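Undergrad: Here Swiss-Prot flags 347, 467, 497 as active site, charge relay system, drawing on sequence analysis.
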């Protein structure tokens, strides 16, 4: 374990003393540090009346137990504190460490020892080996009662809301939409979980089209074959219009007011929401239009879908109506809500957070968007090509519609609405235009970057630099496009398409607690969070701070001095093998074993580079045909320790999200020896070589220059590392699998790579 603490708010000695006293610790400024430490320890043994015995099980050095020490006349030393602190945090002497000073240095322990009250205060805010902060562990053990009132420590809400007395209710919010032309406004089902309390409380909202169920068989049947011919496109310039964000004016309902009349027992929850539920935040889960329990069509990513979620935030602020049932005869008021909302969730869920933020909806104070899509074109297309998300060849937006239109999982809904649904789905399948792979109005209507200037909320993004599902370009684009007037924060980790709130190496939960206590509970805690926090790829459990995602300097590296050719065509056996399992293709491609058609360029680095942003390939090429795909990958190649991209369990169910509530595993990315690491990649239709909206003809056997931007990353490269560039045509994981006989020739003498860095790195 190594500490990377971003959540602790520096506290003065007097403030620390008062907070400790407020928690019930019997400290006294007139007493010695030794006496105060003993009082602190005895009060911490919440489950034991025999505190002498508890003290006797701790040691203050390699030979002395704590009970003996406190009965002696020995002075308290720094070494004594180090032994005690480590044990309180769950580290075991003679197992985890023998030399506390060296161990504390190794784990980057953040606590200082100048003042006993400051020191104990900071210790309470530190995470233990199990992943829980010491204060959270003590509260769970009974330091404070679950009295359904707010209690704070170091600017963060504590788990003092009783999760055994939760209210679970369902309401149906009226939207301004009629997505299936039914003649009535669409309703969206809202599942609410909230503590029983006299306070008006803020809300953690997860907008999840998956939460009411998914239709795997329908999606599987809709999934496309990737084998086919790459189209030769007619030269043209694509034109699109950005539509203003409009909404109907709402009028107050005159219906009788009623409490919610529908309840539920269970819903798949997000554990970060659970963490905040025990700390006085309501949890709501909304699947939006076109899902089971709601009405309407699954419009998949456009602003109609976004508005169906926005309506829920408006209801929390008293602006729109929610009904007790589909009868629409009684309304429910969110009289428990303070009107302030934070949205959470990964992938599609985080995507809806981004979309909501771009509406500028009142009451949305914070989005915590993890692995979020910023424009749907970049999820299912790339540079004029159909480009499947990593791991899902053949998926497209209409396939996702089939997956998430869960109304068809309710038989009564199916027989009444399926004909209309199928007609709308067919329209969607035509609009996505798999034939050309081009950007069009349909995709433009699902591009949240067009409305990014409307964002008013505070923004937190997390993203994996090894996420080839929702690729890093999504967060790179949206983060750098956000208005300068807002506060924004970005956590970039070395994993794939995963959550990071339950990792050992970073206090993400506690950082969000400080931020949301500030923004949603109005606590003036002076919490400040860095703009870009990045997981160092060279060292285990180490996070660094940067000013920006994207460097201000470009380094240029030549690619060679010869001309090399890439064939597109494979023999039938190889083609069928790669179509059957794209992982076989990737393995052969990365090994460079002459089984795949590729140009491999090895670039031994002559100095250190902190790659920060989008690498670009500047290539001089010619093709033998009027169509061509160019694909590229950049690898850090050669044996050394690197991160795996999926976190593994450190301790099973050690993370407590309240008082023994919604426990989950503590995880971390393994750091082990490996042969290579993909840094970046990309695919390009050479007919879209100038920009996305310009389609150009290809003159066979005529040289032309292209600039090819690859996926952004932050990656530390060292002198002597081998940067491997692979150029090829068809990518069997992502692109159309056209086995036509064409070739691309690259003049390496006229080609180079630019690496974005920060000046001075």
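Keep in mind that glycine also has a Cβ here, set from the backbone N, Cα and C atoms.
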Undergrad: Near residue 467 (active site, charge relay system), how many other Cβ atoms are within 10 Å of its Cβ?
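TA: Taking all protein chains shown, residue 467 (active site, charge relay system) has 23 Cβ neighbours within 10 Å.
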Undergrad: Quick one: pull the CA-CA distance for residue 347 (active site, charge relay system) versus residue 497 (active site, charge relay system), whole Å only.
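TA: Rounded to a whole number, the Cα-Cα distance is 8 Å.
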Undergrad: Compute the C-alpha separation of residue 497 (active site, charge relay system) from residue 467 (active site, charge relay system), stating it in Å without decimals.
TA: 5
Undergrad: So if I draw a 10 Å sphere around the Cβ of residue 497 (active site, charge relay system), how many other Cβ atoms end up inside it?
TA: 21
